[in-house]
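Student: Take this structure, written in structure tokens, and hold onto it; I'll ask about it next.
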Amino acid sequence: MGRFKRHHEGDSDSSSSASDSLSRGRRSLGHKRSSHIKNRQYYILEKKIRKLMFAMKALLEETKHSTKDDVNLVIPGSTWSHIEGVYEMLKSRHDRQNEPVIEEPSSHPKNQKNQENNEPTSEEFEEGEYPPPLPPLRSEKLKEQVFMHISRAYEIYPNQSNPNELLDIHNERLEFLGDSFFNLFTTRIIFSKFPQMDEGSLSKLRAKFVGNESADKFARLYGFDKTLVLSYSAEKDQLRKSQKVIADTFEAYLGALILDGQEETAFQWVSRLLQPKIANITVQRPIDKLAKSKLFHKYSTLGHIEYRWVDGAGGSAEGYVIACIFNGKEVARAWGANQKDAGSRAAMQALEVLAKDYSKFAR
């Protein structure tokens, strides 16, 4: 009986210990949850204060005030210093937390009118409006990921030893996808716009349109260079001024639109962005390879025809300029990537000039 009683008392002690452990676990979980909520609140407040500081700096520039003392003179009580102190305190608390909070990208002022609407269709882009409205992302996850630079991802997850775990956090995979679709969309657009342009010319034109220079300019139209989230060290290294980094952000946004199920909207958006560039393209007529023969058969009995090199040193960039001479007078001159093409184009122009005013060049 005594043995049974001691055994029963042991079970009671064990049960009590388990209960205490469970209770401590719940308190710990509650503490962690509370800590996370508090961390989130610190983060949101920190973000709001940071925006306020940016606004105050902008106001300083507009009013030509350049020091914190100027602000404190305008607004009593060392306002700037107090705000800056609160910001640093909140940032310090946030950085000490183990569980990171991913920053949410702010909306560019030009895009605020789109936030309450559904994504625009091609019909919603107003004629002549440039830049076209930024198609909003529907996925909250993509909204965060698209502006998350890899440097910031490693900064908020410093103990992550497996880089693959961060692939869904930063925007490099989105940039890879967007780069492919930027090429595809541009190919579709110029293939349709320039039906008489050969493959080589189309390739050169596409290369001009899809390079980092174009993507960087498009990104800055929407303030992506300001919205991009970088690490502290990346900011110090001036990555925000890097053309490649900002261009990648544009491509990441394009990739995010694709994953968001908005491929047609993305195509219309790129089409509108490229519109001014396409409008400035002057397409030459296809080369008439029989132009020299036509000119010879029509005018050789009426005078002497010759072709002279007048400019250019060759190569696809510089090319050649060839003049068509009739009875010692220059009738036309034309450029070509090689001497044969330049001569053919000069003959094409000469046929038109002589047809209109032959008497000017007659013997």
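Along the chain as shown, residues are numbered 1 onward.
Including glycine, each Cβ sits where the backbone N, Cα and C put it.
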Student: Among S35, S122, which is annotated phosphoserine in Swiss-Prot?
Tutor: S122
Student: According to DSSP, how is the domain 'RNase III' (139-262) divided among helix, strand and coil residues?
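Tutor: Tallying H, G and I as helix, E and B as strand, the rest coil: 90 helix, 2 strand, 32 coil.
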Student: Can you tell me how the residues of the domain 'DRBM' (285-356) break down into helix, strand and coil by DSSP?
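Tutor: Here the numbers are 31 helix, 22 strand, 19 coil.
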Student: Need one number: mean pLDDT over the domain 'DRBM' (285-356).
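Tutor: Overall, the domain 'DRBM' (285-356) comes to a mean pLDDT of 88.
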